[in-house]
Amino acid sequence: MKRDVLSITDLSKEEIYELLESAADLKAKRKAGESTEYLKNKSLGMIFEKSSTRTRVSFEVAMTDFGGHALYLNSRDIQVGRGETIEDTARTLSGYLHGLMARVMSHDTVEKLAKYSTMPVINALSDREHPCQILGDFMTIMEFKKKFEGLKFAWVGDGNNVCNSALLGSAIMGMEFAVACPKGYEPKAEFLEQAKALGGKFTITDDPKVAAKDADIIYTDVWVSMGDEAEQEKRLREFASFQVNTELLGVAKPDVIVMHCLPARRGLEITDEVMDGPNSVIFEEAENRLHAQKALILKLMR
C-alpha cells in the first residue's frame, strides 16, 4: 500500500523508533562495508525547486547503496514550469519510478504530487516542514543522549519549517521544546495547536537564555533562508542577539549538544568556537541525514 511522508506527524512514535533502529543498522553495515542492495532495479525521482548540497547527495548515495538509481530533476528538467500541471507530472512519473522525493517552495506542490501519484512521496523540504532533517536529528539525539523522554530541546532563531518539524517531532517523542525567536518570527499558531494536541510541552520566548536554560539540546538555523534574501538587512538586525555562542551555552547543561541543519553562516547564528567545539554534533548530524533517509526510503519503497 502506497505511503507518503509529508510531515513528521505522518509517522507514529513507534514508527520513528523503528526507523531510528533501521538507520543505526544501515549505518553500521555501511561502516563495515556490507552490501545493502535492497532496492536493486528501483528508481527514485528527486524534484528540486530549491537547491541543496546535503539533500541531493544523501538521497543519491542512499539509492546507490541500495543498488537502485536516483534521478535528479530540477525545474528546468521537467515541464511543470512550462505549463504541465503537477497532477499530470505526478501521474506520468508514477509510470516510470518507484518513489519520489520533492524539495519544493510550496507545501501545496508536494501534497499534489502525493495525491496524484501511485508511488510513495517524501517531503525533502517545503515551506511548512522538513521531516527528513528531523529524522536525522533524532538519530543524532539518540546516539548522544540515548533517549528522548524528559530532554529539553531549545530552538534559538527563526521559527521556520525546520522549527515546525522539530516542534511537532518533540511533542511526539516526549521532549520539552523551548523556542526563542524575535517577536514576529515565532512558529505559526496552527503548529503550536498541533503540538498541543499531540501532548507537547513547549514554551515561546524572545529571550535565548530563557530557552537555553538547562537545555540538553540547543539547535539553530540560518537567519536568512533561501527566499528571504529581500529581508536580509532587517533579519540580521532583528536576530543579532540570537547567536549561539559560548555565553549561551553557559546557561545550558554542561553536556548540552549543539545542532544545526546546515548550511551555517559562521559568525552570525553560530560562532566558530561553538560550531567546532566539544559540544557540537553538527557534522555527525549531517552524516545521519543519509542513514535516517535510507531507513525511510527502505520503509516506503521496499
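Yeah, the Cβs are placed from backbone N, Cα and C, and that goes for glycine too.
The carbamoyl phosphate binding site feature in Swiss-Prot is assigned to Ser52, Thr53, Arg54, Thr55, Gln79, Arg103, His130, Pro131, Cys132, Gln133, Cys261, Leu262, Arg289; the stated evidence is sequence analysis. Cys132 (carbamoyl phosphate binding site): 26 other CB atoms within 10 A of its CB, across all protein chains.
Taking Cβ-Cβ distances under 8 Å and a sequence separation of 6 or more, the neighbours of Asp221 (L-ornithine binding site) in its chain are Gly157, Asp158, Asn160, Val162, Cys163, His260, Cys261, Glu269. Annotated L-ornithine binding site per Swiss-Prot: Asn161, Asp221, Ser225, Met226, in sequence order, evidence recorded as sequence analysis.
Note on the binding-site residues Arg54, His130, Arg289: the fewest other CB atoms within 10 A surround the CB of Arg54. Residue pair Arg54 (carbamoyl phosphate binding site) / Met226 (L-ornithine binding site) shows a Cα separation of 15 Å.
The L-ornithine site, placed at the center of the C-beta atoms of Asn161, Asp221, Ser225, Met226, has further neighbours from the same chain whose C-beta lies within 8 angstroms: Asp158, Asn160, Val162, Val222, Gly227, Asp228.
Cβ crowding, taken as the number of other Cβ atoms within 10 Å, peaks at Cys261 among the binding-site residues Met226, Cys261.
For Asn161 (L-ornithine binding site), the Cβ neighbour count at a 10 Å cut-off comes to 23, with all displayed protein chains included.
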